[in-house]
Each structure stands twice: as structure tokens, then as C-alpha cells.
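Lifted from TrEMBL, the feature list:
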type     : residues : note
ACT_SITE : D355     : active site, proton acceptor
DOMAIN   : 194-449  : domain 'PABS'
TRANSMEM : 31-51    : transmembrane segment
TRANSMEM : 63-83    : transmembrane segment
TRANSMEM : 103-121  : transmembrane segment
TRANSMEM : 142-162  : transmembrane segment
TRANSMEM : 168-185  : transmembrane segment
Amino acid sequence: MIELTLFVSGAALMALELTASRILSPYIGSSIFVWTAIIGVILAALSLGYYQGGKLADKKLNTGLLSNLAFATGLSILLSFIIKETVLILIVRNIYETRLSSILATLFLFALPSFLFGTITPYATRLKMKSLDKSGEVVGKLYAISTLGSIIGTFLTGYVLLGYLGSSKILLAIATAVIVLSFVLDKKNFFKIKKLIPLVFFCLIIAANPNKKNPNIIFEADSNYQKIYVTDSTVRKTGRPVRFLRTSILAQSGKYLDSDELLFEYINQLTLIGHFKPNAEKVLFIGGGGYSLPSYLLNKNPKLVADVVEIDPMVSTVAKKYFNVPQTDRLHSFNIDGRNFINHASEKYDVIVLDAYRDELIMPFELITIEAVGKYFDLLSDDGILAINNISSLQGPKSKFLSAEINTIKTNFAKILIFQATPERREDYIQNVLVFAFKKDSGISLTSDDSLYQKLLGNLWEGNLATYPVLTDDFAPIERYMLAGF
């Protein structure tokens, strides 16, 4: 039974840690800061649990107490399940800083279960050690079993459970497994289930009605990468119906439901591709979202071929179902990591569009380092264009990432133009900033007979950016740059 206890607790702990990231992600994001908080807080709680479990083993040693520890662990996970939304909403409303909010969220929701998991390991190990003759062998064997459980829990949760059950049901499954374990260890604990019946029913009601609070959600699911929502609403000023594709806290895409007009200003700004490269035949999009720009360009240019790289297959599926993506053999979807794609790609493109972000409006660093920029340069035709959507300010501390990005792009490209999607915004405010990088510094016109293009060309920004070091695969402090000033 001791071996089973350590195996189950090891698996359950890693399942809890991975699920924690998915629970925090819709509210706080999934950046390196969030993962650091989750790992750090859980390790701290575990260390305290190991210490307390060891002390407890020296004072009182019996299987009944081990059963009680497992039972308490399961109850603490049920408690986390019940309070998670309330805690996260309170934290997000009052604390915007990602590092602090992620630490507090992990403390309130997962420190207690992790502490209790920590008490189980030394206590169970001490129960197994009947003498000191082979204590090293016994301890080694038990830690190997616990680690094996952790390995299985990691792969099972990451590769299977999160994609099929969702975070709430996984929490319930973890709690159930640990509580059942406590009954196996001590049958007397089985009678304690009577006290749990109201709590279990309450948890099941919550799990069965996840969308009741927001009737605007028309689709919700957990993919292997993130939580995905499709929501319908109306524009407050005009009353026009709109639909959004959201991944966790970020609105990836949006569209009007009453026309094919583009909803977001930055997408409109990116249509300058048609001005700078009117005869483009092949375009690569890194980041798919709702396929707004690929759909627009495919409908406008009957000769255009679009390759869309979107890491999450479910995002592509949802976009095609809910966002009127053209059904054409000129559109090719690749569900693969963007950097992985460009590392292996060999075809030439007239334009490459980079519009990929994680939940906290942070671009994956590997997509904008000097090594990645070199890949884009090589994949472009002789007069090709790299277009990038940035979420940044133009001046002040919040412009650090944009400045570093521009310096990185300059190492390869001959000409760079910067446009504001919303020129009425102050330069030190966060906004969509569009960067167009040209392989050749010739034939670039800033006037157009097309009134829409001419209006968009008028959003050119000609200020000066600060100087920051070139981003590399070895050193690209994007989180620090992009969260500066928040």
C-alpha cells in the first residue's frame, strides 16, 4: 500500500501542477512569470510539507494517520475547485502586475494541497522502513516509485487529460483519486464520505454548468494548448453584432456578423500589403487566430495562395467553423510551432505576416530573434516584405521591446516603415504598431490612388526609437521588455 500511495500522490501532484497553469491562464496568462510562480510556490509548499511530514512521522506512526493526510489533501483540492473563480476574479480586479498576481493566485489555490502532498512522502517512507539495515535501498525504491508516478501524471495530464476533460474535471478527478486512496489505506475513513456528499454534489453542479455565468459564450473548450472561447456581443457605440475568438484572456480575432468589413484597426493597417505588394502570389502567416487577414486577402485576390501557421489545431478548426474562412484549395493550414515551420520551410514567399501572441500580449521570443529574422529574410522573394503586428508603445518604458525588435530587423532588412493602427493614441500608450520591413530599399511608394490605402499610409510614424540590444536565441528578455511600465 505504501508503494501505491507514493505512486498515486506523485502522479496527482504533477497533474495538479500542470492543471494549475490552465486554471490561472484565462485570468493571468501563461508567461514565464506565471510558470515561475507556479513552480516556485508549489516547491516552497512541498518543502514545508516534507519537513512537517518528517516531524509527524517521528511523533506518531500508523497507517490511519497517513490515510488522514491523503483525505485532507483531497479535501483541499476540492476547496481549490470551489473557490478558484472567486479568488482569481478578486486578484485580477485588484492586482494588474503579472508576477505578484500569479504568486498570490498560486498561494491561495495550490499551496495548501502541495503542502499536504509534501507530508505524504516522508511519512509513507518512514512507515516502510522497519529497520536501518537497508534504509538506503528502501528510500531509493520509494522515491523511484514516486517519481515514476510523477512522470506518468505529467504525460497523462499534458498529452491526454487537458485536451479531453478540461481543468475543472481534472481537479475533481485528482481530488477523487486521492480521497479514494485514503479509503484504501484505512477503511474506517470510508465512513467520512457522508460528510463529503453535499460538497461533492456542489462541485458536480459547478462542473456541469461552466457557461451559465456568460450566455454570450457560444463555444468553449480546452485544447492541448489553451482555453478557447467564441463569444457573440454587440459594439457598444453602434449596436452592431460582433463575434470574438478568445484564447484565455486575449481576444485573438473578431468579426462583424452583419458584413465582411474588418473589425480591428490593426488588421486594416496590415492590408497595406496589397499596396506595397499588389502582385503578391504567396503569403505566409505566422499566427492564425480567426484567419481574419488571410480570409480578407484571399477574397480580394483570386490568385493569392496563403499558408497559415497556427500551432493550435483547435484554433484553426474553430476559426473555420465560426468565422467564415474561405473554403478553397488556395488556403493551407499548418498546425505547427511557427519557429519550427520556418526552420524547415524552403518555399519562397512574397510576404510574411507575423502576428502571434501569448495570453499576456507577449510575442514568443523565438519568433523575433536575429536567427528567426534571418530565416524570414531567406524565405522571402527578392523584393519581399515582412509585416509584424506589435502591441507596444512608441515612446517611454513600454516601447523597449519594439525598439529591440527594430534593431534586430535592421540587421537583415534594407528599409523599415512603422505605422500606428490608431494614430490618435498618445505615443507612450500601449497600442497596435505595425512594422513593414523591406528586403529592398527601392520602389516603396507612400502615396496611392486608392482612398483606403492613402488613409492607411497617412498613419506612418516617423519618430525615433530608443536603442536596445539585438534579440538573440540566447538572450531575448521579451517578458521584461514588454511588461515594463505595466
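Here the Cβ of each residue, glycine as well, is placed from N, Cα and C on the backbone.
For D355 (active site, proton acceptor), the same-chain residues 6+ apart in sequence whose C-beta sits under 8 angstroms from its C-beta are L270, F285, I286, G287, G289, L293, I388, N389. Among the listed stretches 31-51, 142-162, 168-185, the one sharing the most Cβ pairs under 8 Å with the transmembrane segment (63-83) is 168-185.
When pLDDT is averaged over the domain 'PABS' (194-449), the result is 90.
Same-chain residues lying 6 or more positions outside the transmembrane segment (31-51) and placing a CB less than 8 Å from one of its CB atoms are 13, 17, 20-21, 24-25, 98-99, 102-103, 105-107, 110-112, 114-122, 358-360, 362, 479, 483.
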